[in-house]
Amino acid sequence: MAQARASKTTSSAASSGDFPPFSQRHLLSIADLKQHEIVDLLDRAEAMVPVSRQERKSHPTLSGKTQINLFFEPSTRTQGSFEIAGKRLGALVMNMSVKTSSVSKGETLVDTAATLNAMRPDVIVVRHSAAGAVELLSQKVGCAVINAGDGAHEHPTQALLDALTIRNHKGRISGLTVAICGDIANSRVVRSNLLLLGALNVRTRVIAPRNLLPAGIEHLATEVFTDMREGLRDADVVMMLRLQHERANGRMIPSVREYYRFYGLDAEKLSFAKPDAIVMHPGPMNRGVEIDPAIADGPASVITDQVEMGVAVRMAVLDALLPARNEI
Amino acid sequence: MTRPLLIENARIIDPASGTDAKGAVLVENGLISDIALGAPVGVPEDAEVVNANGLILAPGLIDMRVFTGEPGKEYRETLASAGEAAAAGGVTSFVMMPDTSPVVDDGALVDFLIRRAKATSKVNVLPSGAITKGLAGQEITEFGLLQEAGAVCLTDGRHSIQSSALLRTVMSYAANYGMTVIHHVSDQSLTGDGVMNEGLFATILGLKGIPREAETIPLARDLQLAALTGAKYHAAQISCAASVDLMAAAKKRNASITSGISINNLALNENDIGRYRTFFKLGTPLRSEDDRQAVIEGLRSGAIDTIHSDHDPQDTEVKRQPFAEASDGAIGLETLLAAALRLHHSGDVDLMTILRAMTSRPAEILGLSSGRIAKGAPADLILFDLDYPWQVSERDLRSRSRNTSFEGARLAGKVMRTIVGGETVHVHIE
C-alpha cells in the first residue's frame, strides 16, 4: 500500500505558522471554498500526517480550545475521526449524540444552538440528517462550525480527505479522471466531491442506475453513465458509494443481487479502469453489495488510507478555522 | 346611518366593465350609488368628500386563498389580525380556508365564523366549506348545509384528494348546488417527501424535489372529471408551464373551469430559496424562472384567472428549522397588491389584467356581487398609489406571524385607503 506523501513537512511536528491565515469563518460547504483555499487545506492536512505517525501524537496548537462534536445521526467513523483530530491538537473535546441531547425532548435545533453557544465552545462539529441544518445552526452561534454531513447536501471533510488520498497516490489531482459509482441521488459525499474535484479541474464521472441519478446531475459532473463498464473505462480513480439497504428490496432497485450484478465493483468491471487505478470508498462498506470483498481488501484499494487522511484533514480544518476565529 | 362618501378626482379602474377613466364615485348606505366619469357627480350636502388627487380607485381585492390561525391557532393569526393585514393590503374580502382546528366541515362552524368575523374583522371573511370530513379525503361533507350556512365554495384547502372516484362524486354532488370546487392539485405519491422544485438547484442543496408532474397529472385528471360532471371547478394554484398548457387546452372546451395562482409563484422562483431560506418553503413549490415566465404568459392569455396571496401564517418555531423540516407557507395579505404590481412595473402584464385577477374574476367564480365598481354593488373599494415606493419590513406588517417571502423587498404601489361596505377601514399614514 502506498504511503502518504509528506513533502511539506520536514520536522516531525507540523507547524500551522507555515500557512497564511484561513479566511473562512466556518466549513459548511465545499462550494464556499475557492480553489486556493482547497489546496491550502490539503497542504495543511499533509503537514499534519506526520503528527499521527510519530510516537507522541501531539501537536497542541488548540490547547485550551473547546470542541463539541454534535451528532444528530450516529457515525462512529466521522465522529471518532474528529474526536481524535481535536485531541491530537490538544483541544478539549466533548461528544454529544442525539440520544443524550434535548432534541429528543422536542427542543429545536435553534434552541440547541443557543444552549451550546452559551457554553462558549470554540468549534462545533455537526452531523444532521437534514440538508441545511448545519448552515442554520451556524447562524445562531458565535464559534466556528464544521459540517460533518448534512442530509444529502454535503460532507466537505470527506471530499478533502478523498482529494488528499488521491493526491498522495497519484502525485496530482488536476487532469485525472475520477468515476463515482452508486447511490448518487442520496449521497452527500458525491456533492462535495463533485464540487471539489470540479474546482481542481478533474474529469468527473458519475455512474448509477437512472433512478439513483438526481435531476440536473449532468451540470455537476463532467459525464454521466448508467453502464458501469463504460463509466469506468480508463478511469484513474474509482470511488464507490455505500448503498443504503432501505433502497433495495423493490423500493428503488429490485434486489441487492441485481444491484451487485450490474453496479457492484468486481475485478471484471474494474479491469475497464486504468491498470493503476485506485479504489476508494467512504465507508462503511457493504461487501458483496457495492464492492467485491477481494477488491475492497485488494492492492488497488486505498480505503484505509482514506481513514488515515481523514484524521489529518480534520486536524488541518480545525487548525485552520480556530486561529481565524481568534482574529475576528 | 353613515354619511354619504364621495371620492372624486380619481382614476377609476374597473376590470368588470373595462373602465379606466378619471371620475368620481358616490357611496351611500354601504353601496355604490353613483359613478361619474369625467363630469361631476351630484353630491349630497352632508357627504364626506375625499379628493383622490389622481390615485387609482379600484374594487377592493378578493383574495381566494387565505389561511387563518383562528380557530385553533390564534397565536399565529386571528380573524381580527388577518383583517388588519387585509385592510392594509387592499383586500376587502378573503376566502378563508377550512384548514383550522376544528376543520370547517360543518355548517354550524361556518355560521360561527361569519358571526365572529363580523364582530372582529375589518374586512369580509368568506368561509369555505371542507370537501371531506376532517380534510381526510374519505367522506364528503354536507355541501347543501354548508352553503346554507354561508360557505362560498368547497375546498380541502392545502389537502389534495387522491381518489379519482371520490373526486368524481364531489364534483357531481357540488354541481347540484352550483358550488365551485376549489382543489389543490398534488399527487402525494409523486410529491413524496419532496420539499422544493425538482431540478438542479434541489440537487445542489441536497433536498428532495417535487416534480412538476405531481401537479400536472392530477390537474389533467381533474379537468377530465370536471368535463364529465359539469362541475364548476377551480384549480387552486398552478405553478408550471405544463399546467398552463393543460388549462388553456381544457378551457377551449369547458367554460366552467378556472385556475388560480399564488403571488409567490408569479413573483419568485426557486433560486430565491438561496441558502435554505425557509420563508420560501411553500405548499406549492417555487418553480424555475422558465415556469415563472410561462405562468405570467398564462395570466396574460387567460389560462390563469385569479391571483391570490396564499396567506399562510406560521410561527417562528415551525419556520426556524432545517429546510426539509420547516412548515410550508408564507404570509401575503399585506403585500399581495404591491407584489402583483411588479408585473405591471416590469411591463409583463397590463394593470387591468392584474386587477381583474384579484377583483372581478374571483367574484364571478364565487358568485359575489362585489369585485366591481357598479351602481348597487357593495362599496368595497381601494385607493392606491401605483408608484409609491416602499420596502417590506416584517416589523411593519400587521399579521401575527412574520413569515413573509418579501422581507426586505422593494415594492412600488401602496394602498392609501381601504373601504369596506362604505366604511373606511384603513388609511395609510406616512
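Cβ atoms are placed via backbone N, Cα and C, with glycine included.
Unlike curated records, TrEMBL annotations are generated automatically.
As written in TrEMBL, here are the features:
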BINDING   A:Arg77, A:Thr78, A:Arg127, A:His155, A:Gln158, A:Gly283, A:Pro284  carbamoyl phosphate binding site
BINDING   A:Lys105, A:Arg188, A:Arg242  L-aspartate binding site
DOMAIN    A:25-167  domain 'Aspartate/ornithine carbamoyltransferase carbamoyl-P binding'
DOMAIN    A:175-320  domain 'Aspartate/ornithine carbamoyltransferase Asp/Orn-binding'
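Feature map: TrEMBL annotations on the structure.
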{"residue": "A:Arg77", "record": "carbamoyl phosphate binding site", "Cβ within 10 Å": "13"}
{"residue": "A:Thr78", "record": "carbamoyl phosphate binding site", "Cβ within 10 Å": "23"}
{"residue": "A:Arg127", "record": "carbamoyl phosphate binding site", "Cβ within 10 Å": "25"}
{"residue": "A:His155", "record": "carbamoyl phosphate binding site", "Cβ within 10 Å": "28"}
{"residue": "A:Gln158", "record": "carbamoyl phosphate binding site", "Cβ within 10 Å": "27"}
{"residue": "A:Arg188", "record": "L-aspartate binding site", "Cβ within 10 Å": "21"}
{"residue": "A:Arg242", "record": "L-aspartate binding site", "Cβ within 10 Å": "19"}
{"residue": "A:Gly283", "record": "carbamoyl phosphate binding site", "Cβ within 10 Å": "17"}
{"residue": "A:Pro284", "record": "carbamoyl phosphate binding site", "Cβ within 10 Å": "10"}
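Among A:Arg77, A:Thr78, A:Arg127, A:His155, A:Gln158, A:Gly283, A:Pro284, the residues given in the record as binding carbamoyl phosphate, the maximal Cα to Cα distance rounds to 16 Å. In the three-state DSSP scheme, A:Arg77 (carbamoyl phosphate binding site) is classed as helix. Cα to Cα, A:Arg188 (L-aspartate binding site) and A:His155 (carbamoyl phosphate binding site) are separated by 6 Å. For chain B, the nearby binding-site residues by a Cβ gap under 8 A, listed in sequence order, are A:Arg188, drawn from A:Arg77, A:Thr78, A:Arg188, A:Gly283.
Taking the C-alpha positions, the distance from A:His155 (carbamoyl phosphate binding site) to A:Arg242 (L-aspartate binding site) comes to 14 Å. In three-state terms derived from DSSP, A:Arg188 (L-aspartate binding site) belongs to a helical segment.
According to DSSP, the domain 'Aspartate/ornithine carbamoyltransferase carbamoyl-P binding' (A:25-167) comprises 70 helix, 27 strand, 46 coil. Here the C-alpha separation of A:Arg242 (L-aspartate binding site) and A:Arg77 (carbamoyl phosphate binding site) works out to 14 Å. On the 0 to 100 pLDDT scale, the model's mean across the domain 'Aspartate/ornithine carbamoyltransferase Asp/Orn-binding' (A:175-320) is 95.
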